[in-house]
Amino acid sequence: MNAIEMRHVEKDYGQFQIKDLNLCLPSGYIMGLIGENGAGKSTTIKMILDLVRKDHGEIRVFGEKTEDSLASSKEEIGIVLDESQFPEGITVEQVNKIMKNIYKKWDEEEFYRLTDFFSLPRKKKRFKEFSRGMQRKLSIAVAMSHNAKLLILDEPTSGLDPVVRDEILDLFNDFTRDENHSILISSHIVGDLEKLCDYIAFIQKGRLIICGEKDQMLEAYGILKCSEEELEELDQQAVAGIRDYGYGVEALVEKSRIPEGYQTEVPTLEDIIIFLSKKERRGMK
Amino acid sequence: MKGLLLKDWYEIRYQYRWFLILLAVAGFSSATGQGNAVFWGCYMMILVAMIPLNTMGYDEKSGWQKYSRCFPVSSGHLVLEKYLLGVIALIVAVGVYLLFSAIFYFIPGVGNAKEQFFTILAAMITVGVFPMALMLPLNIRFGMEKARVYLIFFIIIVAVAAGGIFAGAEDLPMIVNFLAGINLDLFILLLPLISIALLAATYPLSVWLYHKKEW
(Lines of atoms letter the chains of each structure in order from A and count residues from 1; the text may use other names and numbers.)
(Lines give C-alpha, C1' and ligand atoms only; values in the text may rest on other atoms or scores of the structure.)
Protein backbone atom coordinates (compact mmCIF):
# COMPACT_ATOMS: atom_id res chain seq x y z
CA MET A 1 0.00 0.00 0.00
CA ASN A 2 1.23 3.46 -0.84
CA ALA A 3 1.53 6.00 1.93
CA ILE A 4 0.35 8.85 -0.30
CA GLU A 5 -1.27 8.86 -3.71
CA MET A 6 -2.24 11.96 -5.60
CA ARG A 7 -3.98 11.58 -8.95
CA HIS A 8 -4.79 14.42 -11.31
CA VAL A 9 -4.98 16.84 -8.43
CA GLU A 10 -5.70 20.44 -9.30
CA LYS A 11 -6.18 23.65 -7.36
CA ASP A 12 -6.93 27.04 -8.83
CA TYR A 13 -6.11 30.24 -6.97
CA GLY A 14 -6.67 32.44 -10.00
CA GLN A 15 -3.17 33.70 -10.67
CA PHE A 16 -1.62 30.46 -9.49
CA GLN A 17 -2.76 26.93 -10.30
CA ILE A 18 -1.67 23.45 -9.35
CA LYS A 19 -2.21 21.47 -12.52
CA ASP A 20 -2.63 17.72 -12.97
CA LEU A 21 -0.44 16.71 -10.06
CA ASN A 22 0.32 13.00 -9.95
CA LEU A 23 2.50 11.82 -7.14
CA CYS A 24 2.97 8.55 -5.32
CA LEU A 25 4.96 7.85 -2.17
CA PRO A 26 5.39 4.10 -1.60
CA SER A 27 5.42 2.86 1.99
CA GLY A 28 8.84 2.64 3.55
CA TYR A 29 10.43 5.41 1.49
CA ILE A 30 11.32 9.05 1.78
CA MET A 31 10.23 11.55 -0.83
CA GLY A 32 11.65 15.04 -1.08
CA LEU A 33 9.49 17.83 -2.43
CA ILE A 34 11.63 20.53 -4.01
CA GLY A 35 10.76 23.77 -5.69
CA GLU A 36 11.44 27.47 -5.60
CA ASN A 37 9.41 29.81 -3.40
CA GLY A 38 5.78 29.87 -4.48
CA ALA A 39 6.10 26.72 -6.58
CA GLY A 40 3.27 24.92 -4.77
CA LYS A 41 5.09 22.69 -2.28
CA SER A 42 3.22 23.93 0.78
CA THR A 43 -0.08 23.92 -1.12
CA THR A 44 0.54 20.29 -2.06
CA ILE A 45 1.19 19.40 1.58
CA LYS A 46 -1.87 21.35 2.70
CA MET A 47 -4.07 19.48 0.22
CA ILE A 48 -2.82 16.15 1.60
CA LEU A 49 -3.60 17.33 5.14
CA ASP A 50 -6.97 18.75 4.09
CA LEU A 51 -5.99 22.25 5.16
CA VAL A 52 -6.87 23.32 1.63
CA ARG A 53 -9.57 21.78 -0.59
CA LYS A 54 -8.51 20.46 -3.96
CA ASP A 55 -10.65 21.43 -6.94
CA HIS A 56 -10.20 18.17 -8.86
CA GLY A 57 -8.54 14.82 -8.47
CA GLU A 58 -8.07 12.29 -5.76
CA ILE A 59 -5.80 12.10 -2.76
CA ARG A 60 -5.38 8.93 -0.73
CA VAL A 61 -3.44 8.45 2.47
CA PHE A 62 -2.81 4.82 3.44
CA GLY A 63 -5.17 3.82 0.67
CA GLU A 64 -8.14 5.80 1.92
CA LYS A 65 -9.54 8.95 0.38
CA THR A 66 -8.84 12.00 2.49
CA GLU A 67 -12.50 13.07 2.41
CA ASP A 68 -13.62 9.79 3.95
CA SER A 69 -11.35 9.12 6.86
CA LEU A 70 -8.65 11.69 7.33
CA ALA A 71 -9.46 12.33 10.99
CA SER A 72 -8.57 8.73 11.87
CA SER A 73 -5.64 8.62 9.43
CA LYS A 74 -4.16 11.65 11.13
CA GLU A 75 -3.54 9.48 14.17
CA GLU A 76 -0.75 7.95 12.13
CA ILE A 77 0.59 11.11 10.54
CA GLY A 78 3.27 13.18 12.23
CA ILE A 79 3.29 16.76 11.05
CA VAL A 80 5.75 19.61 11.06
CA LEU A 81 4.40 22.76 9.44
CA ASP A 82 6.46 25.60 8.07
CA GLU A 83 5.30 28.07 10.71
CA SER A 84 5.32 28.14 14.47
CA GLN A 85 2.49 26.02 15.80
CA PHE A 86 2.35 26.20 19.60
CA PRO A 87 0.83 28.83 21.91
CA GLU A 88 3.43 31.19 23.33
CA GLY A 89 2.86 30.41 26.99
CA ILE A 90 3.21 26.65 26.72
CA THR A 91 6.08 24.58 28.19
CA VAL A 92 7.45 21.24 27.00
CA GLU A 93 5.86 19.48 29.95
CA GLN A 94 2.49 20.99 29.11
CA VAL A 95 2.87 19.97 25.45
CA ASN A 96 3.32 16.39 26.66
CA LYS A 97 0.14 16.54 28.76
CA ILE A 98 -1.83 18.06 25.88
CA MET A 99 -0.66 15.62 23.23
CA LYS A 100 -1.16 12.66 25.57
CA ASN A 101 -4.85 13.52 25.48
CA ILE A 102 -5.01 14.04 21.73
CA TYR A 103 -3.12 11.09 20.26
CA LYS A 104 -4.18 7.60 21.32
CA LYS A 105 -0.68 6.21 20.81
CA TRP A 106 1.22 9.05 22.42
CA ASP A 107 4.61 7.83 23.69
CA GLU A 108 5.62 10.02 26.62
CA GLU A 109 8.92 8.24 27.08
CA GLU A 110 9.89 8.76 23.44
CA PHE A 111 8.81 12.42 23.60
CA TYR A 112 11.02 13.14 26.59
CA ARG A 113 13.86 11.13 25.05
CA LEU A 114 13.71 13.38 22.00
CA THR A 115 13.30 16.63 23.93
CA ASP A 116 16.26 15.67 26.12
CA PHE A 117 18.23 14.77 22.98
CA PHE A 118 17.39 18.24 21.61
CA SER A 119 18.23 19.82 25.00
CA LEU A 120 14.81 21.41 25.34
CA PRO A 121 13.99 22.54 28.90
CA ARG A 122 10.89 20.81 30.23
CA LYS A 123 9.41 23.40 32.57
CA LYS A 124 11.22 26.65 33.01
CA LYS A 125 11.04 28.07 29.52
CA ARG A 126 7.91 28.91 27.59
CA PHE A 127 7.50 28.48 23.87
CA LYS A 128 7.85 32.19 23.16
CA GLU A 129 11.27 32.12 24.81
CA PHE A 130 12.50 29.35 22.51
CA SER A 131 14.73 30.20 19.59
CA ARG A 132 13.45 29.32 16.13
CA GLY A 133 15.61 26.22 16.14
CA MET A 134 14.24 25.08 19.50
CA GLN A 135 10.68 25.63 18.29
CA ARG A 136 11.41 23.53 15.25
CA LYS A 137 12.92 20.76 17.40
CA LEU A 138 9.83 20.68 19.61
CA SER A 139 7.63 20.27 16.54
CA ILE A 140 9.79 17.41 15.33
CA ALA A 141 9.73 15.76 18.75
CA VAL A 142 5.92 15.87 18.81
CA ALA A 143 5.66 14.55 15.25
CA MET A 144 7.84 11.55 16.14
CA SER A 145 6.26 10.69 19.48
CA HIS A 146 2.89 9.17 18.65
CA ASN A 147 3.93 6.09 16.69
CA ALA A 148 3.22 7.75 13.36
CA LYS A 149 3.67 5.75 10.18
CA LEU A 150 3.95 8.79 7.96
CA LEU A 151 5.81 12.02 8.60
CA ILE A 152 4.82 15.06 6.57
CA LEU A 153 7.43 17.73 7.08
CA ASP A 154 7.33 21.22 5.64
CA GLU A 155 10.80 22.77 5.91
CA PRO A 156 11.61 20.87 9.12
CA THR A 157 15.30 21.81 9.21
CA SER A 158 14.83 25.45 8.34
CA GLY A 159 16.68 27.67 10.80
CA LEU A 160 18.78 24.84 12.25
CA ASP A 161 22.55 24.79 12.30
CA PRO A 162 24.34 22.14 10.20
CA VAL A 163 25.25 19.92 13.17
CA VAL A 164 21.68 19.70 14.42
CA ARG A 165 20.37 19.29 10.88
CA ASP A 166 22.63 16.30 10.45
CA GLU A 167 21.39 14.74 13.71
CA ILE A 168 17.79 15.28 12.68
CA LEU A 169 18.36 13.75 9.27
CA ASP A 170 19.78 10.69 11.06
CA LEU A 171 16.59 10.56 13.13
CA PHE A 172 14.50 10.64 9.97
CA ASN A 173 16.65 7.94 8.45
CA ASP A 174 16.18 5.75 11.53
CA PHE A 175 12.45 6.36 11.30
CA THR A 176 12.28 4.68 7.90
CA ARG A 177 14.17 1.59 8.97
CA ASP A 178 10.70 0.26 9.63
CA GLU A 179 9.43 -0.61 6.15
CA ASN A 180 5.96 0.64 7.08
CA HIS A 181 7.26 4.13 7.80
CA SER A 182 7.40 6.84 5.15
CA ILE A 183 8.34 10.50 4.97
CA LEU A 184 7.27 13.33 2.70
CA ILE A 185 9.64 16.23 3.26
CA SER A 186 9.65 19.62 1.65
CA SER A 187 12.84 21.62 1.81
CA HIS A 188 14.95 24.24 0.11
CA ILE A 189 18.10 22.60 1.43
CA VAL A 190 18.71 20.30 -1.50
CA GLY A 191 21.82 18.85 0.10
CA ASP A 192 19.70 17.48 2.96
CA LEU A 193 17.27 15.90 0.54
CA GLU A 194 20.08 14.36 -1.46
CA LYS A 195 21.39 12.68 1.71
CA LEU A 196 18.02 11.55 2.93
CA CYS A 197 15.56 10.89 0.12
CA ASP A 198 14.80 7.89 -2.03
CA TYR A 199 12.43 9.80 -4.31
CA ILE A 200 12.46 13.38 -5.49
CA ALA A 201 9.53 15.42 -6.78
CA PHE A 202 10.36 18.79 -8.31
CA ILE A 203 7.50 21.28 -8.56
CA GLN A 204 7.66 24.51 -10.49
CA LYS A 205 4.80 26.97 -10.92
CA GLY A 206 2.25 24.41 -9.81
CA ARG A 207 3.41 21.70 -12.19
CA LEU A 208 5.33 18.55 -11.38
CA ILE A 209 8.43 18.82 -13.57
CA ILE A 210 10.04 15.58 -12.55
CA CYS A 211 9.29 12.81 -10.06
CA GLY A 212 11.28 9.66 -9.63
CA GLU A 213 13.92 7.74 -7.77
CA LYS A 214 16.80 9.98 -6.78
CA ASP A 215 19.54 7.51 -7.69
CA GLN A 216 18.02 6.90 -11.11
CA MET A 217 17.87 10.63 -11.69
CA LEU A 218 21.49 11.13 -10.74
CA GLU A 219 22.42 8.25 -13.03
CA ALA A 220 20.28 9.41 -15.94
CA TYR A 221 21.57 12.98 -16.14
CA GLY A 222 25.01 14.36 -16.77
CA ILE A 223 26.54 17.80 -17.09
CA LEU A 224 28.07 18.46 -20.46
CA LYS A 225 30.50 21.32 -20.96
CA CYS A 226 30.91 22.28 -24.57
CA SER A 227 30.60 25.10 -27.07
CA GLU A 228 27.30 26.41 -28.31
CA GLU A 229 27.90 24.91 -31.72
CA GLU A 230 28.51 21.46 -30.25
CA LEU A 231 25.38 21.77 -28.19
CA GLU A 232 23.30 22.63 -31.23
CA GLU A 233 24.41 19.40 -32.88
CA LEU A 234 22.81 17.33 -30.15
CA ASP A 235 19.25 16.04 -30.07
CA GLN A 236 17.54 18.98 -28.35
CA GLN A 237 15.16 16.64 -26.55
CA ALA A 238 18.17 15.38 -24.64
CA VAL A 239 18.98 18.83 -23.28
CA ALA A 240 17.16 19.52 -20.03
CA GLY A 241 18.72 22.87 -19.21
CA ILE A 242 21.51 25.21 -20.25
CA ARG A 243 23.78 27.59 -18.41
CA ASP A 244 25.92 29.95 -20.39
CA TYR A 245 29.17 30.69 -18.57
CA GLY A 246 30.82 33.02 -21.03
CA TYR A 247 33.37 30.91 -22.89
CA GLY A 248 31.04 27.96 -23.42
CA VAL A 249 27.89 26.39 -22.14
CA GLU A 250 27.02 23.89 -19.48
CA ALA A 251 24.07 21.71 -20.28
CA LEU A 252 22.19 19.13 -18.29
CA VAL A 253 21.66 16.24 -20.65
CA GLU A 254 19.99 12.87 -20.57
CA LYS A 255 22.95 10.57 -21.04
CA SER A 256 20.95 7.92 -22.88
CA ARG A 257 20.02 10.40 -25.61
CA ILE A 258 23.42 11.78 -26.47
CA PRO A 259 25.96 9.98 -28.65
CA GLU A 260 28.73 8.00 -27.03
CA GLY A 261 31.97 9.80 -26.73
CA TYR A 262 30.64 12.88 -25.00
CA GLN A 263 32.18 13.26 -21.57
CA THR A 264 29.70 14.28 -18.91
CA GLU A 265 30.21 15.09 -15.27
CA VAL A 266 28.17 13.58 -12.49
CA PRO A 267 25.60 16.13 -11.37
CA THR A 268 24.42 16.72 -7.85
CA LEU A 269 20.74 16.88 -7.12
CA GLU A 270 21.11 20.61 -6.76
CA ASP A 271 22.59 20.82 -10.26
CA ILE A 272 19.65 18.91 -11.70
CA ILE A 273 17.11 21.12 -9.96
CA ILE A 274 18.84 24.35 -10.96
CA PHE A 275 19.17 23.35 -14.58
CA LEU A 276 15.58 22.14 -14.81
CA SER A 277 14.31 25.37 -13.36
CA LYS A 278 16.21 27.60 -15.74
CA LYS A 279 13.85 29.29 -18.11
CA GLU A 280 16.37 30.09 -20.84
CA ARG A 281 16.65 27.27 -23.31
CA ARG A 282 17.84 27.92 -26.74
CA GLY A 283 14.69 27.87 -28.91
CA MET A 284 12.95 25.45 -26.57
CA LYS A 285 10.42 25.59 -23.69
CA MET B 1 -11.28 17.10 23.48
CA LYS B 2 -9.52 16.87 26.85
CA GLY B 3 -6.20 17.77 25.26
CA LEU B 4 -7.69 20.81 23.56
CA LEU B 5 -9.35 21.99 26.79
CA LEU B 6 -6.09 21.46 28.62
CA LYS B 7 -4.29 23.61 26.08
CA ASP B 8 -6.80 26.42 26.57
CA TRP B 9 -6.60 26.06 30.33
CA TYR B 10 -2.81 26.47 30.24
CA GLU B 11 -3.22 29.47 27.96
CA ILE B 12 -5.85 31.10 30.19
CA ARG B 13 -3.69 30.51 33.24
CA TYR B 14 -0.78 32.22 31.47
CA GLN B 15 -2.67 35.09 29.80
CA TYR B 16 -5.43 35.71 32.33
CA ARG B 17 -3.90 35.50 35.80
CA TRP B 18 -5.27 38.96 36.62
CA PHE B 19 -8.70 37.89 35.49
CA LEU B 20 -9.32 35.53 38.37
CA ILE B 21 -8.98 38.43 40.79
CA LEU B 22 -11.34 40.52 38.67
CA LEU B 23 -13.83 37.65 38.57
CA ALA B 24 -13.84 37.39 42.36
CA VAL B 25 -14.30 41.17 42.74
CA ALA B 26 -17.10 41.29 40.16
CA GLY B 27 -18.84 38.24 41.65
CA PHE B 28 -18.60 39.77 45.10
CA SER B 29 -19.96 43.12 43.93
CA SER B 30 -22.85 41.61 42.00
CA ALA B 31 -23.94 39.59 45.04
CA THR B 32 -23.89 42.42 47.58
CA GLY B 33 -27.08 44.05 46.33
CA GLN B 34 -25.32 47.36 46.70
CA GLY B 35 -24.91 49.99 44.00
CA ASN B 36 -24.65 48.62 40.50
CA ALA B 37 -24.99 44.93 41.23
CA VAL B 38 -26.49 44.27 37.80
CA PHE B 39 -23.64 46.09 36.11
CA TRP B 40 -21.00 44.06 37.94
CA GLY B 41 -22.74 40.82 37.19
CA CYS B 42 -23.07 41.59 33.49
CA TYR B 43 -19.52 42.98 33.28
CA MET B 44 -18.18 39.75 34.72
CA MET B 45 -20.15 37.68 32.23
CA ILE B 46 -19.00 39.71 29.24
CA LEU B 47 -15.39 39.16 30.29
CA VAL B 48 -16.06 35.47 30.68
CA ALA B 49 -17.83 35.25 27.32
CA MET B 50 -14.71 36.69 25.70
CA ILE B 51 -12.57 33.80 26.97
CA PRO B 52 -13.27 31.31 24.14
CA LEU B 53 -13.17 34.15 21.62
CA ASN B 54 -9.81 35.38 22.87
CA THR B 55 -8.35 31.88 22.90
CA MET B 56 -9.41 31.63 19.26
CA GLY B 57 -7.52 34.84 18.61
CA TYR B 58 -4.41 33.45 20.31
CA ASP B 59 -4.79 30.23 18.31
CA GLU B 60 -4.91 32.21 15.08
CA LYS B 61 -1.87 34.25 15.98
CA SER B 62 0.24 31.33 17.19
CA GLY B 63 -0.51 28.96 14.30
CA TRP B 64 -2.22 26.49 16.64
CA GLN B 65 -5.50 26.77 14.75
CA LYS B 66 -3.91 25.46 11.56
CA TYR B 67 -1.86 22.88 13.47
CA SER B 68 -4.86 21.53 15.39
CA ARG B 69 -6.63 20.93 12.10
CA CYS B 70 -3.96 18.27 11.51
CA PHE B 71 -4.87 16.40 14.71
CA PRO B 72 -6.97 13.22 14.69
CA VAL B 73 -9.90 15.30 15.90
CA SER B 74 -12.98 16.03 13.80
CA SER B 75 -14.06 19.58 12.91
CA GLY B 76 -17.10 19.02 15.12
CA HIS B 77 -14.97 18.35 18.16
CA LEU B 78 -12.57 21.19 17.44
CA VAL B 79 -15.51 23.61 17.41
CA LEU B 80 -17.31 21.92 20.30
CA GLU B 81 -14.25 22.46 22.47
CA LYS B 82 -14.62 26.24 22.13
CA TYR B 83 -18.34 26.09 22.93
CA LEU B 84 -17.62 23.88 25.91
CA LEU B 85 -14.86 26.20 27.10
CA GLY B 86 -17.30 29.10 26.99
CA VAL B 87 -20.00 27.18 28.81
CA ILE B 88 -17.57 26.02 31.51
CA ALA B 89 -16.32 29.58 31.98
CA LEU B 90 -19.89 30.87 32.27
CA ILE B 91 -20.80 28.16 34.79
CA VAL B 92 -17.76 29.08 36.89
CA ALA B 93 -18.71 32.77 36.79
CA VAL B 94 -22.32 32.02 37.74
CA GLY B 95 -20.96 29.75 40.45
CA VAL B 96 -18.93 32.64 41.89
CA TYR B 97 -22.07 34.79 41.95
CA LEU B 98 -24.08 32.01 43.61
CA LEU B 99 -21.34 31.39 46.17
CA PHE B 100 -21.19 35.03 47.26
CA SER B 101 -25.00 35.24 47.17
CA ALA B 102 -25.19 32.24 49.47
CA ILE B 103 -22.69 33.84 51.88
CA PHE B 104 -24.50 37.18 51.89
CA TYR B 105 -27.87 35.46 52.46
CA PHE B 106 -26.80 34.99 56.07
CA ILE B 107 -25.65 38.58 56.53
CA PRO B 108 -28.55 40.91 57.32
CA GLY B 109 -28.78 44.02 55.16
CA VAL B 110 -26.38 42.66 52.55
CA GLY B 111 -27.22 40.66 49.47
CA ASN B 112 -29.85 40.90 46.79
CA ALA B 113 -33.56 40.70 47.36
CA LYS B 114 -35.14 37.58 45.89
CA GLU B 115 -36.53 39.30 42.78
CA GLN B 116 -33.30 41.15 42.16
CA PHE B 117 -31.30 37.93 42.59
CA PHE B 118 -33.16 36.21 39.76
CA THR B 119 -33.15 39.30 37.56
CA ILE B 120 -29.38 39.64 37.94
CA LEU B 121 -28.93 35.93 37.28
CA ALA B 122 -31.09 36.07 34.14
CA ALA B 123 -29.28 39.17 32.89
CA MET B 124 -25.90 37.58 33.59
CA ILE B 125 -26.70 34.40 31.67
CA THR B 126 -28.13 36.35 28.74
CA VAL B 127 -25.21 38.76 28.59
CA GLY B 128 -22.75 35.88 28.84
CA VAL B 129 -24.33 33.52 26.32
CA PHE B 130 -25.62 35.87 23.65
CA PRO B 131 -22.26 37.39 22.57
CA MET B 132 -20.76 33.91 22.40
CA ALA B 133 -23.61 32.68 20.22
CA LEU B 134 -23.07 35.61 17.89
CA MET B 135 -19.30 35.79 17.88
CA LEU B 136 -18.18 32.14 17.70
CA PRO B 137 -19.43 31.59 14.13
CA LEU B 138 -18.24 35.05 13.12
CA ASN B 139 -14.77 34.36 14.53
CA ILE B 140 -14.57 31.06 12.71
CA ARG B 141 -15.68 32.57 9.41
CA PHE B 142 -13.80 35.87 9.42
CA GLY B 143 -11.07 35.57 12.03
CA MET B 144 -10.85 37.51 15.27
CA GLU B 145 -10.16 41.02 14.03
CA LYS B 146 -12.68 41.14 11.19
CA ALA B 147 -15.32 39.50 13.39
CA ARG B 148 -14.95 42.30 15.94
CA VAL B 149 -15.43 44.92 13.25
CA TYR B 150 -18.56 43.17 11.94
CA LEU B 151 -19.91 42.92 15.48
CA ILE B 152 -19.46 46.67 15.99
CA PHE B 153 -21.32 47.34 12.73
CA PHE B 154 -24.07 44.97 13.82
CA ILE B 155 -24.46 46.69 17.19
CA ILE B 156 -24.58 50.12 15.52
CA ILE B 157 -27.21 48.96 13.04
CA VAL B 158 -29.34 47.37 15.77
CA ALA B 159 -28.99 50.45 17.99
CA VAL B 160 -29.95 52.81 15.16
CA ALA B 161 -32.89 50.61 14.15
CA ALA B 162 -34.10 50.32 17.76
CA GLY B 163 -33.67 54.04 18.25
CA GLY B 164 -35.66 54.72 15.11
CA ILE B 165 -38.47 52.39 16.16
CA PHE B 166 -38.76 53.86 19.65
CA ALA B 167 -38.54 57.43 18.37
CA GLY B 168 -41.42 56.82 16.00
CA ALA B 169 -43.32 54.50 18.34
CA GLU B 170 -45.82 57.17 19.37
CA ASP B 171 -47.06 57.36 15.80
CA LEU B 172 -47.38 53.60 15.53
CA PRO B 173 -50.08 52.35 17.92
CA MET B 174 -49.26 48.75 17.02
CA ILE B 175 -45.79 49.10 18.48
CA VAL B 176 -47.04 50.95 21.56
CA ASN B 177 -49.64 48.25 22.24
CA PHE B 178 -47.11 45.50 21.66
CA LEU B 179 -44.58 47.00 24.07
CA ALA B 180 -47.24 47.67 26.69
CA GLY B 181 -48.43 44.09 26.45
CA ILE B 182 -45.02 42.57 27.24
CA ASN B 183 -44.70 40.99 30.65
CA LEU B 184 -41.28 42.38 31.44
CA ASP B 185 -40.53 40.04 34.34
CA LEU B 186 -41.39 37.00 32.25
CA PHE B 187 -39.42 38.37 29.30
CA ILE B 188 -36.33 38.83 31.44
CA LEU B 189 -36.61 35.26 32.70
CA LEU B 190 -37.10 33.91 29.16
CA LEU B 191 -34.08 35.73 27.73
CA PRO B 192 -31.52 33.25 29.13
CA LEU B 193 -33.42 30.35 27.59
CA ILE B 194 -33.57 32.15 24.25
CA SER B 195 -29.83 32.85 24.42
CA ILE B 196 -28.98 29.24 25.28
CA ALA B 197 -31.17 28.01 22.42
CA LEU B 198 -29.40 30.44 20.09
CA LEU B 199 -25.99 29.19 21.25
CA ALA B 200 -27.02 25.59 20.58
CA ALA B 201 -28.41 26.58 17.19
CA THR B 202 -25.17 28.27 16.09
CA TYR B 203 -23.09 25.16 16.80
CA PRO B 204 -23.92 23.31 13.54
CA LEU B 205 -23.35 26.56 11.63
CA SER B 206 -19.95 26.95 13.29
CA VAL B 207 -19.00 23.36 12.45
CA TRP B 208 -20.00 23.90 8.81
CA LEU B 209 -18.03 27.14 8.61
CA TYR B 210 -14.99 25.52 10.22
CA HIS B 211 -15.14 22.56 7.86
CA LYS B 212 -15.21 24.90 4.86
CA LYS B 213 -12.33 27.02 6.07
CA GLU B 214 -8.98 26.82 4.31
CA TRP B 215 -5.57 27.67 5.61
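A Cβ is built for glycine as well, from the same backbone N, Cα and C atoms used for every other residue.
If you check TrEMBL, you get these features:
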- B:12-31: transmembrane segment (TRANSMEM)
- B:37-58: transmembrane segment (TRANSMEM)
- B:83-105: transmembrane segment (TRANSMEM)
- B:117-137: transmembrane segment (TRANSMEM)
- B:149-167: transmembrane segment (TRANSMEM)
- B:187-210: transmembrane segment (TRANSMEM)
- Distal contacts, the transmembrane segment (B:149-167) - CB-CB under 8 A, six or more residues away: 134-135, 138, 142, 175
- Task: Could you give the residue numbers and ranges of same-chain residues that sit at least 6 residues beyond the transmembrane segment (B:37-58) on either side and whose C-beta is under 8 angstroms from one of its C-beta atoms?
- Result: 8, 11-12, 15-16, 19, 22-23, 26-27, 29-31, 64-65, 82-83, 85-86, 89-90, 92-93, 96-97, 112, 116, 119-121, 123-125, 127-129, 131-132, 135-136, 139-140, 144-145
- Which of B:12-31, B:83-105, B:187-210 shares the most C-beta pairs under 8 angstroms with the transmembrane segment (B:117-137)? B:187-210
- Are there residues at least 6 beyond the ends of the transmembrane segment (B:83-105) whose Cβ is under 8 Å from a Cβ of it, and what are they? 1, 5, 8, 23-24, 26-28, 30-33, 41, 44-45, 48-49, 51-52, 55, 111-112, 117, 120-121, 124-125, 128-129, 132, 136, 199, 203, 206
- Cβ-Cβ under 8 Å with the transmembrane segment (B:12-31): same-chain residues at least 6 beyond its ends: 37-38, 40-41, 43-44, 47-48, 51, 54-55, 58, 92-93, 96-97, 99-101, 103-104, 111-112, 120, 124
